[in-house]
Each structure stands twice: as C-alpha cells, then as structure tokens.
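Heads up, the thing below is written out as structure tokens.
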C-alpha cells in the first residue's frame, strides 16, 4: 500500500507558536511591572535590593515547580505549607538532639518524602480525591508541629546551616536563587523533554485513555506526590535556614500562594496544560509585585488584594479578549 | 388535515393512531440515520419496534421525545401535525420514555424522584410534600409497586428502582409510553411483573412503543410490529400475522451495499488460547483460540459481555478464574501496560473516553504507548516520534492538516485511524478491535476494513467485536457468538447466514417456528 499523500509534521514552527503563547503575555506583564516599579521607587534598581527581592518567591517557586506537574496531572497538594512546618519542626528537634548540618538536610528531605508518600498512597492506592486528602493532611501535619512545639520555637541551628537561606554563590546571586534556577531547568526538562513529562500531560488530559494506552497512571501520580513532598522539604530547609528558627506557624498560608503562582503561570487548574517557563515567569511577577509594593510601604493586606486582582485579571483578560474578537 | 396512507393496511385497527411519524428523515453529518420512515402508535396497543443495531431505533426515540428535530417529514398527534422542539414539548404532548438506564437520584426519596421538576406546589410556591407523597403512592399502587414513597432510593433494589423510573415516566400524565429495552437489567420474575404492568397500561388506553431485541418478549407482549433496517422503514403489521423467521428476514434483509476486501485464509499457528475464563458478573466459562492471520469475529447483542471479556484480556478488569496462553505460555495480565508488553492491544469502543486523548496532538497520541522506542534514556526525540507517526498514518491513509494538529479536530473516522495507528506502532501480536467502525463514515469504514485484511495477511491475529452483521460476515474467518456472558457458538465463516447469527445471539431455538 503506497500513498503519495504526506501530512506535514507541523504547520507552525515552535518559535511561531511560542510567540503567540501565554508565556509571551506573562513576559510582557513582568517587564511592565519591572518598568513601573523602577519609576515608582528610586531604591528599586539597586542590585542588592533586587537580590533581596528574589527571596519573596524562590522558596515558594521550588514547590510550585513540582505542584505544576501535579496540577497538570489532574491532582493537587494543599498540604505543602504544612509539610514545611513538619519538616522544619523535625529539623529543630534534630538540632536539640545534637545533629549536624548534613543530618539536618537529610531530616528535612526525609520528612518531605514521607509526607509526600503518605498523600500519594491515600490518593493512588485508596482512590481518594487529592483535594480532600491534602486538606486533611494540611491540618494533620501542622497539628503535629503545634503539639511538639506549642508556643515555643526551636533555635540554635548550626552556623553553617545558615548558608542555604542566607548564603551567596556569586555576587548578588544567593544560594536560593541559584537553586531556583537549577530546579527550573530540571523540572522544565522533566516536564517538556522526557517520557515521564509526556505521561503527565496524557494523564491530565484523559486519565482513562492514558491507562488504556499502557501508562501506569497510579505510579506516575505517586511519583508526583513524592516530588512535591521532596520539594516542600527543600523549601523547608531554605526557609528554616533563612529565618534561623522554627515556629509551628512557619509558612502559614503558602499553599494558596503556590497554587496562585502555578495558575498564574498558565497551568490549567483542571489539568492537562501548562509549562514550567510560565511558572518561572509567574514567580518573577509575584516577586516583583510584592517587592514593589513593599518599597512603597504598602501594607501586607493590600498586597494580597493586589495579587488576587492580578490573578483574576491575567486569567480573565485573554478570555474576554477572545470573546470580544469573535463578536 | 392530510390523511396518512399507511404502508400496509392497519388491519384490525379499529381506532386511529394517537401518534404517527410520516416520512420522517434525520441526517447527521455523513450519515442518513432515518430515511422517510413511518411509525404508528395506537391507543391500548403495544407496538414493538424491531431492528438491528444502527437501524435507527434510538434516533426515533430521540425524535419522539424532542431531543432531535427531524430534517424532513412530520409528527402527527391525533392526526394534527406537531413539532417537538424541546423535551418539554414532547412531555406536555403526553410522550414519556422509560430508558434502559434511567437517571435517578439515590439520595432523594421515592416520591421526590417521581416528582423531581414537576412536584405539586403549595400556594406559597413551596413543594407540597404531603400531596406529592399521596400522588406518588397512587401512581405506585396503579403499577402494582408496593413501596413506601418516603423511603430513600438508595435503600431499594435494582428492580424497585426500575419501578420508580416507570412511575416517574407515568407521573406526567402520559398517553404515549416508550419503553427502550426495559427488560435488559431485569431478572426473570421482574420481567413477568413488567409484563403485568404493560397489560395495566394497555387497559388504561395508553399507546406503548416497545423496543427490544428479545423475540420471546416481543411475541409475548406486542400487538403490532414495525421493522426498520439501516434507517429505512421495512414493514409493519399485526404480530399475529408473522413468525420469528419473518421478522428476522425483515431485519436482516439482503446484504447492504458494502464491499468487503477479498481475503485469503492463512491457517496460521495458534497464538492465543483462553481457557475457562470467568468473571464474577460479566462473563463465564469462556474458551476460545485465536490463530496468526485470523480475523475472529465476536457477535452478540449489546450487553452480551463481549467488551467486558476483551477488557479483561487487556488487563483492565480482572477475571476471577481462567488461563490465558500466548504462544503456548501461560501469561497473567494485570494491567494494560502488561498486555502491551505481551503483544496484546485493544482499540476500545468508546473512542472519546478510552481510545484517544483528543486534546493532544495526533503524533503524541500515536507515540504514547511506543515512547520507550522513540526516546533515548527516557528523553523524548521528536524527530523519531514524527517519523513513527508519519509511517503509520500514511499506511492508514489519514487525512489531517498536520501531525501536530489536535486529534479532537478530526472526523470520527480519522480519529479511529489514529487510534489504530497508535496500537500498530507497538508491533502487537494480537489486536482487539471493539466496534472498529461504529459511528464513522463509509469511506473510513472501507479504509479500516481494508487495513484489517492487510494486517491479517501479514500474520497479525485480529479479534473484531462488532454488532454489525454485514461487517461480521464480510470480515471474519470464524465468528464467536455470545449471549448473556457466555459463548453459545463458534461458527465457521462458510455456510454462515445472517439468520443463523441473529437466532443464536437472541437465543431462538432452531426450527422453533419452521
């Protein structure tokens, strides 16, 4: 059977497609806010100030990368901030036991992995909805921190432990910013360049057809919960190191900021679509807005209003635009 | 008012029909679902609508209940032309339908289920619970269902739920009751009760349209019959004037103008042997073999357990008992991934939900089960993916703008080609096709048939589940007939007639009326 008909691989080059993408819009928004900020405050363009500003988003963004994959696959993890609290508490406890920095790191990562595995088992083995499971573990994990710590705080972290949250690799590039960059590349490659990433998209678009195509859906989802737990552990190490202490209220409310970052980055909350570059840009945008408003001495409560309005408008505007165009 | 000339004289009909379809035509893109059909429903009589799958029965039900609008012809209610623009129009005209699977609400009471959407109101506009319960009790009593209307539906058995569905259908003061395979989910005793109910409805002067594949119940319950075939009216009349054989002949008719590829039978070696395969609910005692180069047809009525059997072979559901041998080695298949690894692949009937990921591009659909081959160390290689996709889509003569096009934008036939291409790219030993040409256009159908023949000629073993008799006869080397979860016969292609197939699948004894 020979046919002369050939179907072209693509109609648009990847470059053309990227130019019309959500990420382009986010980039324009980011540049706009950057310019606005530089006019609004004379302190904004100072390199050290800008460097400080990155701490607004680096820890959250680390989790947001893993969360993006999880949400693309059609699941969610709302317990991430509570995993930070539990991991940080465990590290504080380990300090009291006299452990050194390498052991502390292992404890932080280990608690993250165990918490992620716990969520993953409940969702993939018992078939419970992840939003319910992780609302439950959100209370559970932080509750354990409260029981262990009460109204106290763990302090006395070793001097060299401070490097993760306060150290600099080169000039204004902090360890956290460098780690953010490395993780962005790793997660970007994982999602966009590997078989695993393709399976994540397939599951998010149609889990039944993905299973019918021989993809081990439960296993992929379990790995994503593990990854999200692990990244929460990484963020816990950075945050605890930066603050130098652990309180049970650490990272309170971060889960929603992280989900906001992911959605702002163009990840569909229904699963199936989204990119890591989009999440990176969203992280920068949220960092810039918080920092700019901070320089203008805008109180925190107003900041959250601005972030909320930004999210809704960035999500809604393209749809309104589409509607208006087709009319 | 125009007089309706019936195709055959309505002998014995002392009254005029309540509802009639006259020259009704319904066209879907690429398919003429109904072509100039007639249907007449008389008060106090049961009319059985008979036809193979795809004859147009469900399209007629949807037109009668206002879900579809006819493209030609008219609906006459008491001799007056009417149009059912919405389901509400049909309901207020007194048409109600009891479907095979009725949507009911487990957490509402029986009375609430019966009156959901049209509950009696108090003067304040609130639901008059007391009146609702009283009226529900009355309807339930009228159909001989003895249950408390305040009980929650969840606490009822399946048969009682069915009675609630019937009560709901009757609660709208219907004159015309459509029963679409009402006995499919019922046990023997419940079916008897349903017959009693139908007698009661007849006595109340309601016109009943009864759709069924089961000949024994058609002859038990119906007063009249109407036969459709391929969307065309074939005949109607009094049930006492025909035999089962007459009806089967009318249903099957001559072979439809479809050309199937010529095939040479290979007689290859055995590749798959299924022994004593059992499932707690769906099928039992399944034994068959499959050979290289063979097309093995699976025929049966809807609900005979064919798809369930195939999904068990593919590792989606677990059988409770039985052995699968591939190349004479016992294999346990617990997931689709393991089935693919063993060389068994499955093209499901429900393309949109199970077969294709319509929101992903064509090439990604095709390479999904073959990524291990197109990638290197787990990293995607797009050039390899496009090469594989191009290779298989061109062999199936796919029509698409590009391989990067979203699959959902293609026609059903082209989507099916992509799903088949996806599985062939895994280089399987056995391919199971479940209703491979359902709902696709004639051109794509021919392409799929031709390709199936070519695959078999290359030595691939093909299992084809189909409810279309011409397809079964035109493509299969042997045909497995299933009824109620069991294999009733394995027939050789030679000397196989449509009549034999229909009789075996419906459970009609040979020579019962000859």
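Quick reminder: no glycine exception, Cβ is built from N, Cα and C everywhere.
Nobody curates TrEMBL annotations by hand; they come from automatic prediction.
Tertiary neighbourhood of the transmembrane segment (A:21-41): same-chain residues 264-266, 275, 277-278, 281-282, 284-285, 288-289, 291-292, 295-296, 314, 318, selected by CB-CB distance under 8 Å and a gap of 6+ residues from either end. According to TrEMBL, the feature transmembrane segment maps to A:21-41 (among others).
If you look up TrEMBL, you'll see A:61-87 (among others) marked as transmembrane segment. Beyond the transmembrane segment (A:61-87), the same-chain residues lying 6 or more positions past its ends with a Cβ under 8 Å from any Cβ of the stretch are 107-108, 111-112, 115-116, 119, 123, 130-131, 134-135, 137-142, 144-145, 179-180, 183-184, 187, 190-191, 197, 200-201, 203-204, 207, 220-221, 224-225, 227-239, 248-255, 258-259, 261-263, 265, 267-274, 276, 279-280, 282-283.
Look at TrEMBL and you will find A:99-122 (among others) tagged as transmembrane segment.
Annotation source TrEMBL lists transmembrane segment at A:128-149 (among others).
For the transmembrane segment (A:169-191), the residues of the chain that approach it from at least six positions outside its boundaries are 47-48, 50-51, 54-55, 57-59, 61-62, 65-66, 68-69, 72, 163, 197, 200, 231, 234, 238, 242, 275-277, 280, 283, judged by C-beta separation under 8 angstroms. Residues or ranges marked as transmembrane segment in TrEMBL: A:169-191 (among others).
Taken from TrEMBL, the feature transmembrane segment covers A:222-244 (among others). Long-range Cβ contacts of the transmembrane segment (A:222-244) within its own chain (Cβ-Cβ under 8 Å, at least 6 residues beyond either end) map to 55, 58-60, 62-63, 65-67, 69-70, 73, 75, 77, 80-81, 83-85, 87-88, 91-92, 104-105, 108-117, 119-121, 123-124, 155, 157, 161-166, 175-176, 179, 183, 196, 200, 250-251.
Residues of the same chain lying 6 or more positions beyond the ends of the transmembrane segment (A:256-289) and with a Cβ under 8 Å from any Cβ of it are 22-23, 26-27, 29-30, 33-34, 37, 53-54, 56-58, 60-61, 63-65, 67-68, 71-76, 78, 80-81, 180, 184, 187-188, 191-192, 201, 203-205, 303, 306-307, 310-311, 314-315. Residues or ranges marked as transmembrane segment in TrEMBL: A:256-289 (among others).
Annotated transmembrane segment per TrEMBL: A:301-321 (among others), in sequence order.
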Inset, instruction - Report, as numbers and ranges, which residues of the same chain sit near the transmembrane segment (A:301-321): CB under 8 Å and 6 or more residues beyond its ends. - result: 22, 25-26, 29, 257, 260, 263-264, 285-286, 289-290, 293-294
